[in-house]
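Listed in TrEMBL:
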BINDING   Glu17, Lys57, Asp124, Ser125, Gly126, Lys127, Ser128, Thr129  ATP binding site
DOMAIN    11-102  domain 'Clp1 N-terminal'
DOMAIN    121-309  domain 'Clp1 P-loop'
DOMAIN    314-425  domain 'Clp1 C-terminal'
Amino acid sequence: MAYGGSIKKVKLDKECELRVEVALDGPLRLRLLSGTAEIFGTELPPEIWLSFPPGLKFAVFTWYGATIEMDGNTETDYTADETPMVSYVNVHAVLEGRRNRAKASATDTDDSQGPRVIVVGPTDSGKSTLTRMLLSWAAKQGWKPTFVDLDIGQGSITIPGSIAATPVELPIDPVEGIPLEMPLVYFYGHITPSANIELYKVLVKELAQTLERQFSGNAESRASGMVINTMGWIEGAGYELLLHAIDTFKATVVLVLGQEKLCSMLRGVVKSKGNVDVVKLQKSGGVVSRNVKVRQKARGFRIREYFYGLTNDLSPHSNIVNFTDLSIFRVGGGPQAPRSALPIGAEPASDPTRLTPVTINRDLLHLVLGVSYAKEPDEIVSSNVAGFIYITDIDIQRRKITYLAPCAGELPGKFLIVGNLTWVET
Ligand code: ADP
């Protein structure tokens with residue numbers, strides 16, 4: 001049965017991939033007819049039709065040859081016989097060796113720590129894709145690597161504006177992504193780190209410390225190690241943030257995608273640190289560049305998915321509460337101290353982690369807020385968040401606020417964090 005388009009059979013030779021961009025006007029179905037193939041590290045089940053949403057860009061790669069059947073329209077689809085997959089899987093093999101060594105070591109020594117891999121490179125170099133493959137290949141071998149996502153611009157674990165970590169126990173589903181069980185999430189509230197660089201660093205540190213605590217009691221997670229995805233901002237302050245992340249997470253392997261200069265700069269710096277390997281990897285020719293508009297749209301989709309699910313399978317709840325029921329805080333920024341109030345020679349600076357209570361008014365409309373686990377306001381910066389709410393109405397006269405939450409009932413915490421992450425529901 002056709003699905004709107006025509007059925008097309010594609011025969012892939014060994015080590016080739018079929019690169020697909022699904023049409024914007026409808027889903028695409030695809031199945032593996034014979035042989036074996038994978039999408040970004042996750043094997044396709046034989047014969048079963050899988051549905052891919054409009055606009056999705058992906059590749060079906062085969063190590064030994066496969067026949068694929070496609071049903072529906074695509075923006076583009078073509079076969080490529082030149083891919084960097086062999087070099088990627090070689091990295092995976094080295095990481096496997098290190099995991100096995102870590103597992104064999106006595107617990108609670110440094111040797112029992114598996115590889116801590118950080119993937120860096122410019123925007124659209126395939127960082128998220130490589131991260132995904134390394135995690136899925138490791139999960140397939142039975143490891144439980146920790147996925148750390150420091151990319152506040154896109155976010156593969158939760159909504160943009162956050163940094164997060166989650167163990168990966170199964171190869172990542174090519175359509176559904178990471179199951180949203182209980183990820184460890186810190187809400188930054190902005191989609192660029194330049195909004196408050198110091199706060200970004202503080203949150204990265206909090207995330208790293210929490211993971212360190214979790215690892216210390218869990219030999220399996222320790223040996224499996226982590227794979228860290230980063231932002232595409234690699235110049236100036238962006239570069240400093242990469243160094244900060246490498247240090248803070250005690251990365252032992254730095255994978256640099258498609259940037260000679262970044263690679264040699266990092267090699268120069270980490271040489272002094274001893275056992276950190278900096279490895280340059282080729283960018284895949286299949287990586288699709290996304291312009292500002294496409295990225296913006298992807299962010300919106302991600303937020304929508306948080307509340308409604310990928311296929312509208314979730315039913316978020318709309319709640320109405322009094323202004324006095326919510327305590328909303330903004331972190332950092334705020335008015336600077338006037339020069340006259342400072343000692344002579346001191347420069348006015350805003351405290352990056354200062355908390356400012358937010359007065360509820362219509363400026364909050366369409367903002368996405370983080371629900372903190374903090375018990376007291378002074379714990380807000382160092383606390384992770386339970387989830388997010390979205391402000392849909394503010395009634396100044398009746399002093400009522402309407403918000404969308406993933407589920408009904410009371411919020412899991414009473415302190416909310418606001419930045420400038422907005423979303424307009426479509
Ligand atoms: P980055 O994380 O560096 O910004 P991504 O890994 O997100 O880059 O890749 C950008 C886009 O290219 C994504 O939509 C991804 O699905 C797509 N992509 C990556 N590799 C391939 C490939 N080999 N074939 C087709 N599309 C790809």
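Backbone N, Cα and C define each Cβ position, glycine as well.
All features noted in TrEMBL, drawn onto the structure.
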residue : record           : CB count, 10 Å
Glu17   : ATP binding site : 24
Lys57   : ATP binding site : 16
Asp124  : ATP binding site : 17
Ser125  : ATP binding site : 24
Gly126  : ATP binding site : 24
Lys127  : ATP binding site : 27
Ser128  : ATP binding site : 20
Thr129  : ATP binding site : 23
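The DSSP secondary structure for Lys57 (ATP binding site) is strand.
Look at Glu17 (ATP binding site): DSSP puts it in a strand. Within the set Glu17, Lys57, Asp124, Ser125, Gly126, Lys127, Ser128, Thr129 that the record links to ATP, no two Cα atoms are more than 19 Å apart, and one pair reaches that distance.
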